[in-house]
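Peer 1: This is the structure I have questions about; it appears just below.
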Amino acid sequence: MGLSFSMGLLHVLGAIAGVVSHQCYFRRGEHHLYPFTYVRWYAFIITSTTVVVSFVGGVSLYDSAKATGGWTVTYFVGLYISLLLYRVHFHPLHGFPGPYGARISGLWFSMGLRDRPAFQKLQELHNQYGPIVRVGPSELSIVYPEAVGIIYGHQSRCSKSTFYDNGHPMGSLHSYRHRADHDQRRRTWSTGFGDRALRGYETRVREYRQKLFTRLNDAVGLTVNISDWFNFYSYDVMGDLAFGRSFNMLDTHSNHWAIQVLLDGIVLYKYYVPSWILRCFVTLPSLSKNWHRFVEFTTQKLVHRMNDKVEIPDICASLLAPLNGRSPTTDELNLLMGDSMLVVTAGSDTTATALTSVVYELARHPEEVDVLRAELLAIDADANGEYLHDQISKLPHLNGFINETLRLHPPVPSIIPRKTPADGIHVNGKHIPGGMTVFCPQWVIGRSEAAFMAPLSFNPERWYKYPDLIKDRSAYAPFLTGPYSCIGKPLALMNIRTTMARLIATFDIRFPSGEDGTRLMENAEDHFSMGIERMPVVLTKRR
């Protein structure tokens, strides 16, 4: 009876320990960076307890393991009962609407993305539950137009969420979570995106755009997957601007192996799994093998670039300038690698998606092509059909067309997570508690009647001729807004404008028979940035 009583007490104490560990530790602060540390600690505690109980109690290791195992089970039962009760009934977000499963686990949202992209899922949830939806235990999706400025704007008190720690310890401008660190690094980047630097990039980019149009001219009259060519083009451009050397994808008509490794690796991001799960993939060698291959490749390219002298500065020149010719420290090298990878990934995928979306809308609206061509008549192109960016950057309909395309097809369509300050924030009169993850999905807001009149209609003139069609301009943020906005926006817009102008001047664009592109656009990948794998069109010489 004494042994039975002791075992029962041990199980009770185990359950109590589970509750206490949740209430006093796991529900407070952040614990995502080193998930396997907890596994190792639990394994150590269980093993050492088994040995100690066997030695002190004079029982066999088998009996000791049974007793310790029982205690371990009751510990986790106590921990998860405490966690479930807290998330369902006592969590600060318990009063916000949303699916019941989202209260319990962040994996509920991830499971819902098996057959649809995140931006589609969020649209469905907001249609069902309203402007604020609880999509995870501590996560809210918010589509009130005013929320964009409150969460992302210059006066926002929100910070970056745990999502940005996925590449730790490698850092980058994108991953800095603390405002002071980010602002300091952004000043280094900013020299690479001034007017003088952009004029230099324009010269470098033309070489690759000429290759792109040579390939497109070869495909006149045929069905071509324009998405592939824009991806080849964008990665070649950003490889040149990041490392001084392109990936030669326009020449080989295929993905460079390192880019294919990168694209294969970002598939996991489309499920928006909790940060601790992503950290498992990053920190476990067997799961992160391809990631480390890409990092090693990036390191080699960066070292070559550091030893090169370039006549026309690239983005990397600005990042290397603070070194003044000396070798970087380990921390500086990690930062340079992260920033170089950021140039390639953030500048390529998003620009290719934007250009593909532009072609989609050009094919859907041939009447807009006539307006755009009329606008370009006053501008002289060179012998290759190239327009100087300075001459077209202020064209109202061209810019309106791009704005309208990015409103309906934002390259980063759904989740850009932020963490609310300790005292919380207020959105539309509702208090959102501190320490919560919040985001404003641009794909949903861009189609919201609260932000735009006739939101599903494609009307470039709303941006310069009919301002009443825009109810809240601050809600439009395809490049984000505020201190963490996309620093590469000037380069992206220069590339989009000049490529689009040459497309309009050179080709007529239509969909192949039986295709209108809608299904392909609405079922695009959403892995933080949007990925449009297929967009078949037929290009013919301008009539």
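Yeah, the Cβs are placed from backbone N, Cα and C, and that goes for glycine too.
The heme binding site annotation in Swiss-Prot covers Cys486, and the record cites similarity to another entry as its basis. The N-linked glycosylation site annotation in Swiss-Prot covers Asn225, Asn403. Annotated signal peptide per Swiss-Prot: 1-21, in sequence order, evidence recorded as sequence analysis. According to Swiss-Prot, the feature transmembrane segment maps to 41-61, 65-85, an assignment based on sequence analysis.
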Peer 1: Should anything in the same chain at least six residues away from the transmembrane segment (65-85) have a Cβ under 8 Å from its Cβ atoms, list it; otherwise answer none.
Peer 2: 7, 10-19, 21-23, 26-27, 42, 46, 49-50, 53, 59, 104
Peer 1: Which residues, given as numbers and ranges, are at least 6 beyond the ends of the transmembrane segment (41-61) yet have a Cβ under 8 Å from it?
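Peer 2: Result: 67-69, 71-72.
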Peer 1: Under DSSP, is Asn403 (N-linked glycosylation site) part of a helix or a strand, or is it coil?
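Peer 2: For Asn403 (N-linked glycosylation site) - judged by DSSP and reduced to three states - the answer is helix.
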Peer 1: Sorry to bug you, but what's the C-alpha spacing from Asn225 (N-linked glycosylation site) to Cys486 (heme binding site), rounded to the closest Å?
Peer 2: 28
Peer 1: Let's check the environment of Asn225 (N-linked glycosylation site): how many other CB atoms sit within 10 Å of its CB?
Peer 2: 16
Peer 1: What does the structure give for the C-alpha distance between Asn403 (N-linked glycosylation site) and Asn225 (N-linked glycosylation site)? Integer Å is fine.
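Peer 2: Asn403 (N-linked glycosylation site) and Asn225 (N-linked glycosylation site) have their Cα atoms 24 Å apart.
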Peer 1: Is Cys486 (heme binding site) helix, strand or coil when read with DSSP?
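Peer 2: Note: Cys486 (heme binding site) is coil by DSSP, not helix or strand.
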Peer 1: Just counting, how many other CB atoms are there within 10 A of the CB of Asn403 (N-linked glycosylation site)?
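Peer 2: If we count other Cβ atoms within 10 Å of Asn403 (N-linked glycosylation site), we arrive at 17.
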Peer 1: Is it possible to get the count of other C-beta atoms within 10 angstroms of the C-beta of Cys486 (heme binding site)?
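Peer 2: Within a 10 Å radius of the Cβ of Cys486 (heme binding site) lie 19 other Cβ atoms.
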